[in-house]
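Features as listed in TrEMBL:
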type	residues	note
TRANSMEM	16-36	transmembrane segment
TRANSMEM	48-74	transmembrane segment
TRANSMEM	95-118	transmembrane segment
TRANSMEM	160-185	transmembrane segment
TRANSMEM	243-265	transmembrane segment
TRANSMEM	285-307	transmembrane segment
TRANSMEM	339-359	transmembrane segment
TRANSMEM	365-384	transmembrane segment
TRANSMEM	396-416	transmembrane segment
TRANSMEM	422-443	transmembrane segment
Amino acid sequence: ISMDKEKKIQLKRNFGYFRGTSFLIINIIGAGIFVSPKGVLEYSCMNVGLSLCVWAICAVLSLTGSLCFAEIGITFPYSGAHYYFLKRCFGPLIAFLRLWTSLFVGPGIIATQALLLAEYSIQPFYPSCLTPKLPKKCLALAMLWSVGILNSRGVREAAWLQMVSTVLKVAILGLISLSGVFMLVRGKKENVERFQNAFDAEFPDISQIIEAIFQGYFAFSGGETLTYIAGELKKPSKTIPKCIFTAIPLVTVLFLLVNISYLTVLTPREILSSDAVAITWTDRMIPQLTWIIPFAISASLYSNLLFNVLDLTRVTYIAGQQGQLPLLFNTLNIHSSPLISVLPIVALASTVIVLTNLIELINNLYFMISICTLTMMGILKLRYQEPNLHRPYKVFLPFTFITMAINLGMVLIPLVRSPKMHYIYVFLFLLSGLLFYIPLVYFKLKLVWFEKMTCYLQLLFNVCIPDVSDEETEVDTL
């Protein structure tokens, strides 16, 4: 019997407590803390004490948001749980429009990350000038396709990379943190004076404080990613809360200590004028490591690219299962990986890398992803409509209102502050999803040629419909 279970083609529950925590840490610690943690300091009017308080507030807000998503992942322990949750709460149309934006925004974000990675890797070879575009794009494409190959080999293949990346990230941030603490303990006047009168600088007005909180909150984003892989977590009802309460406090301590270290070694003005604060800090503090740190950062961020592709494939996989994408997307290869979901995502991201002017267009779509507000409304709606639904974990309801307010602010403030024509184009793009939804999903229009092609593609890529596990039968009855 155990051999039969092992041979079953389905997404396996490979993520336990340690891998789940590592997954969360990787997703939260992105490029921001290395490259530009200056948004909080800038909007705090270079008030050092206030900027550190804002980072602490953002950590608490990130924890509340993560716990809201924990309820979704625990109540519906399927891969792509947030998409399934939206479909259950608001019906197929809203879920499809969320999927529609993800299919374009996701590859855009992945392409941006690949280009940033390539730039960090090449920059040491061009110390006094801009990196040339051609080698940067070629390296970005190579990294992207290597990530695609790793994803198609299944989650187990990436286990070693995940652990190496987590250790690298924590080691780099730990080095920066401990060096800063050491400098403070030594008590040199120029290092200590910024903290002796930490709150003496100009105090910002309330709108600037709110903007600073948004900047910090964005740096902590990623706490919801466990819902993407809820179907691959062992004992999700216990694992998800344990991972959240381990990863977010650990990241908070690291972020606070790293910011203290930056402010110990560099002045607030130097931080604001730097394009890559970690590199500027290394030049000043440990010049011998100026070459090593960019490569270490690149290596640690490679896994973010890997897991962003993984997250997006889980959404398209369950969308294929729910009939909102062709059934081909709901197939797995012999490594229990959704290969057909990986290929179009990597191909779209490659197109964006080649035509980099598209990145700005896709970044304009990014605020559409804040349909996260809708997810919070969904938690309230489901609590009211289905009070007897089995929920092993219930989030404290005020947390949903706090997260909803933050996400609404992230959407509305840019709209009010600088209303631009492109927001109308973004809205029209969202509605253009109806052109596909109405004939193909609502009326279930069958394309004979596509069904024939499906058979050929199944044979070509050696993929099949997964075996349904006992716990997934509920999804199919939606």
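Backbone N, Cα and C atoms are what each Cβ position is placed from, and that goes for glycine too.
Within its own chain, the transmembrane segment (396-416) has Cβ neighbours under 8 Å at 61, 64-65, 67-68, 210-211, 213-214, 217-218, 367, 370, 372-373, 376-377, 379-380, 383, 423, counting only residues six or more beyond its boundaries.
Put simply, of 16-36, 48-74, 160-185, 339-359, the stretch with the most CB pairs closer than 8 A to the transmembrane segment (285-307) is 160-185. Of the two recorded stretches, the transmembrane segment (339-359) does not lie close to the transmembrane segment (16-36), with fewer than three CB pairs under 8 Å once pairs fewer than 6 apart in sequence are set aside.
Note on the transmembrane segment (48-74): residues 28, 40-41, 81-82, 85, 194-195, 198-199, 201, 203-204, 209, 212-213, 216-217, 219-221, 223-224, 226-227, 230, 233, 236-237, 240-241, 244, 248-249, 251-252, 255-256, 259-260, 263, 268, 375-376, 379, 391-396, 399-400, 402-403, 406 of its chain, located 6 or more positions outside it, place their CB under 8 angstroms from a CB of the stretch. Listed stretches 16-36, 160-185, 243-265, 422-443 were compared with the transmembrane segment (95-118); the greatest number of C-beta pairs under 8 angstroms is found for 422-443. Same-chain neighbours of the transmembrane segment (16-36): 62, 113, 116, 159, 162-163, 165-166, 169-170, 172-173, 218-223, 225-226, 229, 233-234, 239-240, 242-244, 246-248, 250-251, 254-255, 258, 275-278, 297, 300-301, 303-304, 307, counting only residues six or more beyond its ends whose CB sits under 8 Å from a CB of the stretch. Within the chain, the transmembrane segment (243-265) has long-range Cβ neighbours (under 8 A, six or more residues past its boundaries) at 17, 20-21, 23-25, 28-29, 33, 37, 40, 48, 51-52, 55-56, 59, 62-63, 66-67, 70, 170, 173-174, 176-177, 179-181, 183-184, 191, 194-195, 219-220, 223, 226, 271, 277, 281, 284-285.
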